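Inspection log for the structure reproduced underneath, given as structure tokens.
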């Protein structure tokens, strides 16, 4: 550890189900040889942060996924690593502004999470913040970009875009994004458009305009009793791919009704209700964004997953592509609401997210006023 770094920092710790508390005497995360250490400027709250703290708490673990900040230390093997330079990415150096996501509430690594003054992250799995983007905005992107990459290019096996789309969205295959008003749904719409597909989405009327601006070729009100039938009619019974960003019985039923008579693939962002798997011609699966790190997920069932090395490989490839898209300004961040109070206020924000009180935006909390003011 660099002698100029503190030996302890402040972090938001999991105490029990839906119970978090600020600890001011926590050891800094251990920097693995291929990790970097980031001083956190801002964080944003994801649904998984609140849900996992309630459903599968890891007492003593640091909470939080999404962060932005400044690199303050690098692991011993990072300078020898050629992955980033070989793939046309800027090497990570001390002083760089970066953003990304980590596995918070991790029972196998309780010292590390985004809701803290410092966070450790693999050097391969972090993005540089482009010029003109502030820490607050950057903190909203990590989990959404990573989850969309795994969902589309690993679990749906779609071809990854290079830089910009070469296919016309007017002629590409349809892909349904259920929940286009969510952060991940909005990201999926954009990436699908860039990749040359025709994204269609379900959302509220309040989110429909934004979804269209992002690239959705059609929007449908999920509250309509004929939503599934309308989707199937619009796609001419040809829909074979559905990404469910809500994942409950109602959303799964609509996705299954929308998929064409030949069937297809249904990918959820949570463990899906088995009772809603009603068609043999549809292959269901679900994504946990933390599988991108290539380690087991030791949460309670059904969220206990073995390591998936193939997810790590896809994530590494996607991070390279996504950095180019972000640098070119092709990715629009989700709307956000910035709240004050730092780490001590995050618990209240997590509760608001858990209760479904935050819609169409992400909650952001500045952690280091010094870094945010200097940016």
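Cβ atoms here come from the backbone N, Cα and C positions, even for glycine.
With 48, 49, 50, 51, 204, 205, 206, 207, 269, 270, 358, 359 listed by Swiss-Prot as binding NADP(+), the candidate from 222, 256, 365 annotated for that site turns out to be 222. Each residue contributes its Cα atom, and for residue 145 (substrate binding site) and residue 270 (NADP(+) binding site) those atoms are 16 Å apart.
When Cα-Cα distances from residue 143 (substrate binding site) are compared across the binding-site residues 48, 50, 270, 359, the shortest belongs to 48. Taking the Cα of residue 222 (NADP(+) binding site) as the reference point, the closest of the binding-site residues 147, 149, 289, 291, 293 is 147. The closest partner of residue 48 (NADP(+) binding site) among the binding-site residues, by CA position, is 289; the full candidate set was 147, 149, 289, 291.
Those residues noted as binding substrate (143, 144, 145, 146, 147, 148, 149, 150, 289, 290, 291, 292, 293) have their most widely separated CA atoms at a distance of 15 Å.
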